[in-house]
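Report on one structure; see the data block that follows.
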Amino acid sequence: MEERFLTGYNDFVLPFMAGMIFILTYCLVALVRIIMQLPGEDRKKFFISLVTPKTMAKNIRDIFCDCLFHVKLWKRNKLLGYMHSSIAFGWFMLIVVGHIEVLLYVPHRAKLFYFPIFFRYFVAETEETMRGAFFFFLMDFFLLMVLSGIFLAMFKRIQSGIFGMRRTTNPSFLDLIGLYSLWAIFPLRLLAEGFTADISGGSFLTKSLNYVLHSFLSDHANMLPAWWAYSCALGIFFIVLPFTRYMHIPAEILLIPLRNAGIKIRNARKGFAKAEVYSCPNCGLCIDACPMGVMKTHIKDTTVYLNRQIRRNNERRIEEISDKCLLCGKCTAICPVGVEGDKLRIAQRSLRKYAISQDYSNIGTASPEGSSDVLYFAGCMTALTPAISKAMESLLRKAGVSYSFMDRDGGICCGRPMLMAGRFDQARQLVEKNTEIIMKSGAGTLLLSCPICYKIFREKYNLGGIRVVHHTEYIAGLIRDGRLRVSKDSLRYVFHDPCELGRGCGVYDEPREVLSCAGSLAEAPKNRKESICCGGSLGSLTLGFDKRKAMTENALANLTAASPDVIATACPLCRSTFNRYADRPVEDIAEIIDGKAVAGTTMIDNRLIIDKKN
C-alpha cells in the first residue's frame, strides 16, 4: 500500500470531522456533568471501582456483552439479537481493523482520526499480498455483516412480529433523521469503496461492485461524490445523535461502570438517573412486556415513553406516566440495557409536593408475643387475608417451631407503600420503628408472608444478622429437613410468580419445590421473570378499577392456559385480586400445604437453617 495524495487530505472529510468533534465534545461535557451530579460518596465509589481489577473486568465484559454482542436480545429473539449485534459489532470491527491497517501501512497518518475511516480513498494497492488480501476480506466481511443488520432493521419497520415484537415505539422527527442517516452510512461506504476498489484494493464485496460500476461508469471522477455522501451521512448522524434515541450508544458505556460500582438512583433527574434515561435505546420491548399494554390507550404510559418525556422535561406527562405504573418491574426485567423503569418512576414521584405533610414520629411501640428464634410478620395485606396467617401458624405448630407473632394485634406497616409513592422520609420513619421492634425481639429469623414486605425488609432494613425469609422459602426448608410431611394428591397446580417475590427478589424455585410435594405442577406460558402482574399492585396511584380488571383477566388467561385445577399464589394481594374473577380455586401455598401436611418424623431443634441466599 502507498499513499495516493501527499497531503493525506480532501475536503470531503469535513462533514465527518465536524460531526465527530461535536459528538466527542458533547459526550465529554455530559460525562463530566453526570459524574459531578453524583453525591460525593458515590463519586468516590465510582472512581475506586474504575481501578479495581475485578470491577474493571466486569465492566469490559458487560460492555462487550451488552453494547456489542447484545446477548440479552439473542436470548429473547435470535433474529433481533443478530440485527443489533451485526450493526454494533460489525461497525466496531470496521473501526478496529481500519486503525490496524493505518498503523501497518501508513503509521505516520495514525494521528489523523479521519484517516482510518476513509483509508480506501487515500491509498493505492501496489502489489497483492496475503496480508493485504486478509485485511481486504475482513473489511468486506464486516461491512457485509453491518449491511445485513441494516437490511433487517429496515424490514423490522414494516414487520416487527418476526422479531418477537408486537408493537414498537413511534420515532420522533430527530429519531427519523438519525435512523435514516445511520441506514445510509454503510450502503454509501460500500458505494464509495466500490468505486475505488480497482485502485485501493478490495475483496469479494467491493471488487464485485467495482466491476459492476465501471461497466457503465469508467470515469474515476464519479468516486468523489460517493465519498462526500458517505462523510455527510456520518456527520449528520453524529450531530443529531445526542438528541435522538441513539444517545444510548455512548450513555450505556457510562451506565455499565456506574451500575457495577453499586451506584443507585439518588436524584430523580440527575446523576445515575440521567445516565439511565439516556441509556434507553427506545427499542420498545417494554411496551409488549408492560401489563398496561393489554389496553392500547396505555401504550404511551410505558417506560420508553417516560424516558422520552423526561428528556423533554414534559412535567405533566411525567407525572401521569409515573403515577399509573403498577411497579411490577417487568420492564426492568426485559430491558436489554437494564434501565430500572420502576425505580425511575418512584424517583419521579418523590418530586411531588404534597399539600398535607404526614409524620409518623408518634407511632407507639408494639411488642411481639414473647421471645423466640422466629419472628412472624404477617403485614397489612396478610391481615386482610387472615386465612394465610392462620395456615402459617398451623404449619409452624406442626413443625414444632417456636415463634412469636409480631403484628397479631395490630402493627406498623413495613413502609413499602410509602416508598412506592416516593415519600421517602415517611417510609424511613416506619422502617426505623419496625427495626427497633425487631431488634428488641431477639429473633434470629424474620418470617414474612407478604412479598411486598419481604422486598423492603431485604433491601431497606438493616437488621444485623437476622435472616429475612419469605414463607415459601421457610416451608421448603421445613419439608427438606423432615419437619413436615406432605401428602401428594392428583390435583394440578399452576403457580403465579408475584412481582415482588419473583422479579423483585429472585425467588422462583422454592415455591415450585413446595407445590411439587402437594401435586403435579403445570407452568403458565409466561412465568418466572415473564410472569404477568395480577393487576392489584399497590404501585399505581391513579389506575382505575376497570383497567385493573382488564389486567387481572389477562393474567388469569395466562395462568389458566395450562388447565390447572388450582391457581397457587405466594402473595396475599395476588390471592385476593385473582379470587374476584377466577373460575377455579385460588389459594396461597401456605393454605395448600397446611391442608396436606402433618408433623414430620425429624423433630430437631427449632433453630432451622434456611438454605437461602441473602
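Heads up, the Cβ atoms here are built off N, Cα and C, so glycines get one too.
For the domain '4Fe-4S ferredoxin-type' (271-300), the list of distant contacts is 30, 34, 37-39, 42, 76, 165-169, 171, 175, 245, 247-248, 251-252, 254-255, 258, 263-265, 307-308, 310-311, 321, 324-326, 328, 330-331, 333-337, 339-341, 344, 347, 530, 532-533, 535, 543, 547, 550-551, 554-555: same-chain residues at least six beyond its ends, Cβ to Cβ under 8 Å. As annotated by TrEMBL, domain '4Fe-4S ferredoxin-type' applies to 271-300 (among others).
Sequence-distant contacts of the domain '4Fe-4S ferredoxin-type' (316-339) (same chain, at least 6 residues past either end, Cβ-Cβ under 8 Å): 66, 70, 72-73, 76, 248, 252, 255, 259, 276-277, 279-281, 283, 285-286, 289-292, 298, 300-303, 305-307, 309-310, 345-346, 348-349, 352, 420, 499-500, 503-504, 529-533, 535, 537, 539-543, 551. The domain '4Fe-4S ferredoxin-type' annotation in TrEMBL covers 316-339 (among others).
The feature transmembrane segment is assigned by TrEMBL to 12-36 (among others). Nonlocal intrachain contacts for the transmembrane segment (12-36), taken as residues 6+ away from its ends with a CB within less than 8 angstroms of a stretch CB, comprise 43, 46, 113-114, 117-118, 224, 227-228, 231-232, 234-239, 241-242, 250, 254, 270-272, 274-275, 278.
Summarising the annotation, TrEMBL assigns transmembrane segment to 79-106 (among others).
Taken from TrEMBL, the feature transmembrane segment applies to 133-153 (among others). Residues 79, 82-87, 89-91, 93-94, 97-98, 100-101, 163, 182-183, 186-187, 189-190, 193, 201-206 of the same chain lie 6+ residues outside the transmembrane segment (133-153) yet bring a C-beta within less than 8 angstroms of a C-beta in it.
Same-chain residues lying 6 or more positions outside the transmembrane segment (227-244) and placing a CB less than 8 Å from one of its CB atoms are 10, 12-20, 22-23, 26-27, 30, 117-118, 121, 172, 174-175, 177-179, 181-182, 184-185, 188-189, 191-192. Here TrEMBL flags 227-244 (among others) as transmembrane segment.
The DSSP breakdown of the domain '4Fe-4S ferredoxin-type' (271-300) into helical (H, G, I), extended (E, B) and coil residues amounts to 22 helix, 0 strand, 8 coil. Sorting the domain '4Fe-4S ferredoxin-type' (316-339) by DSSP state (H, G, I as helix; E, B as strand; all else coil) yields 14 helix, 0 strand, 10 coil.
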